[in-house]
Amino acid sequence: MFTCEAGIASVQQAIKDVAEGKFVIVIDAASRENEGDLILAGEKVSTEKMSFLLSHTTGIVCASLSREQAKSLDLPAMVQDNQCAFKTAFTVSVDASSGVTTGVSASDRTRTVQLLADPAATAESFVRPGHVFPLISQPGGAVQRPGHTEAAMDLMRLAGMQPCGIFAELVNPDHSMMRQQQVLAFAEQHDLTVITVDDLITYRYTYDSLVTKISSARLPTKYGDFSIHVYESIIDGTQHFALVKGDIHEQEAVPVRVHSECLTGDILGSCRCDCGAQLDMAMRYIAEEGLGVIVYLRGQEGRGIGFGHKIRAYALQDLGYDTVDANLQLGFPIDAREYGMAAQVLKDLQLTSVRLITHNPRKFFELQRLGIHVLDRIILPVSISTENEGYLRTKKERMGHWLDLPVLDDVEEEYETVERMSCR
């Protein structure tokens with residue numbers, strides 16, 4: 001069932017507030033800046049609102065713009081070699097070219113922001129440098145880059161505003177950065193809506209259309225005929241696909257496998273993992289049921305770290321690291337995969353509810369969080385060998401996977417029907 005009503009409701013309220021010219025607060029991840037920013041629609045700015053912004057923040061007023069806007073206003077990158085930890089895309093700073101004095105006062109910066117939000121403004125409307133800092137938003141918004149720049153732009157678009165949101169980082173009276181509890185107290189004091197960047201990303205995966213179906217065909221396989229549907233992400237152009245068996249339109253309790261790309265396991269028959277066996281068993285199960293879907297997510301090699309890094313992790317595993325510590329040693333999360341595109345594909349297929357073929361609790365609950373009605377899970381046998389036993393036990397013991405692993409000596413007797421048992 002859907003499990004993030006509070007976050008979704010907060011985003012809906014934030015969108016309403018932005019449209020009404022109110023400030024909202026957006027908090028990013030603790031692993032990122034871990035800060036709260038006041039955000040306001042540029043076209044709704046006033047001297048009074050600018051004064052409030054300057055009084056409670058660092059005073060560095062940023063304005064999110066699209067790449068096209070920056071180009072039309074002749075706003076090049078501030079530096080050619082961006083060494084910022086989060087690659088924040090600053091352009092040269094600006095002031096309005098008329099109607100201001102020094103450019104730094106609340107009224108002067110209000111005038112500058114109003115021009116940035118004005119679609120009739122031109123490059124000649126500004127002087128450079130100045131006291132307002134335009135930032136270029138990634139075209140995919142917060143889904144592509146989970147920063148305040150993109151969050152501001154997403155909120156402007158969702159609220160029907162001009163694509164220019166202003167924002168600045170909240171600070172305490174001693175000018176230290178506000179952290180989450182301080183931000184929440186400030187929001188309560190000033191009756192402001194607070195959302196997180198993750199809330200906004202979830203909202204977009206739930207309500208936006210972020211994939212486009214680009215082709216479909218019949219696909220005969222060793223398990224019979226499937227239909228294959230290719231989807232392209234509008235965020236980064238990655239092409240994912242769905243294998244469909246039977247008439248699934250508005251069906252309930254449809255068996256679904258969400259499978260992350262694994263070239264070594266799915267194609268090369270690697271014995272280090274059970275990915276290829278899981279894919280085979282899911283296809284067989286769905287074929288026998290006569291109904292089901294396999295969503296194949298491209299670009300998720302090595303639990304999202306990429307193919308080259310996955311092979312580096314293999315080398316570390318040969319030195320004694322398990323699959324978790326190998327990722328950490330390379331500087332990556334244990335599991336960097338996201339399932340938003342899977343949710344998008346399932347929604348496009350118009351499934352009412354699903355039964356998920358998985359041992360992975362994170363996948364199960366993440367799809368629920370993204371609005372997919374997951375009724376229950378389907379457990380298929382585990383393909384275990386001397387080569388992948390440690391990998392599977394790490395998934396069970398360190399990643400919490402729902403795995404009931406047999407004693408290896410009993411494998412062939414217990415799971416004689418499971419393919420890919422030749423890995424010794």
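Cβ atoms are placed via backbone N, Cα and C, with glycine included.
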Problem - Record-annotated GTP site (Swiss-Prot): member among Gln278, Gln329, Gln344, Gln350 besides Arg257, Val258, His259, Ser260, Glu261, Glu301, Gly302, Arg303, Thr323, Thr358, Lys363 - result: Gln278
Practice task
Could you check the binding-site residues Cys262, Cys275 and say which one's CB has the most other CB atoms within 10 Å?
Solution key: Cys262
Handout entry: His131, His148, Glu301, Arg303, Thr358 filtered to the recorded positions whose C-alpha is within 10 Å of Arg337 (active site, nucleophile)
Key = Glu301, Arg303
Handout entry: Per DSSP, three-state class assigned to His148 (D-ribulose 5-phosphate binding site)
Key = helix
Problem - Candidate with the highest Cβ count within 10 Å, taken from the recorded positions Asp37, Glu169, Glu301, Asp335 - result: Asp37
Practice task
May I ask for the distance between Asp335 (active site, proton acceptor) and Cys262 (Zn(2+) binding site), taken between their Cα atoms and rounded to an integer number of Å?
Solution key: 14
Fill in the blank from the handout: By the 10 Å Cβ-neighbour count, the most surrounded of the binding-site residues His148, Arg257, Arg303 is His148
Problem - For the recorded positions His259, Glu261, Arg337, Thr358, the one whose C-beta sees the most other C-beta atoms within 10 angstroms - result: Thr358
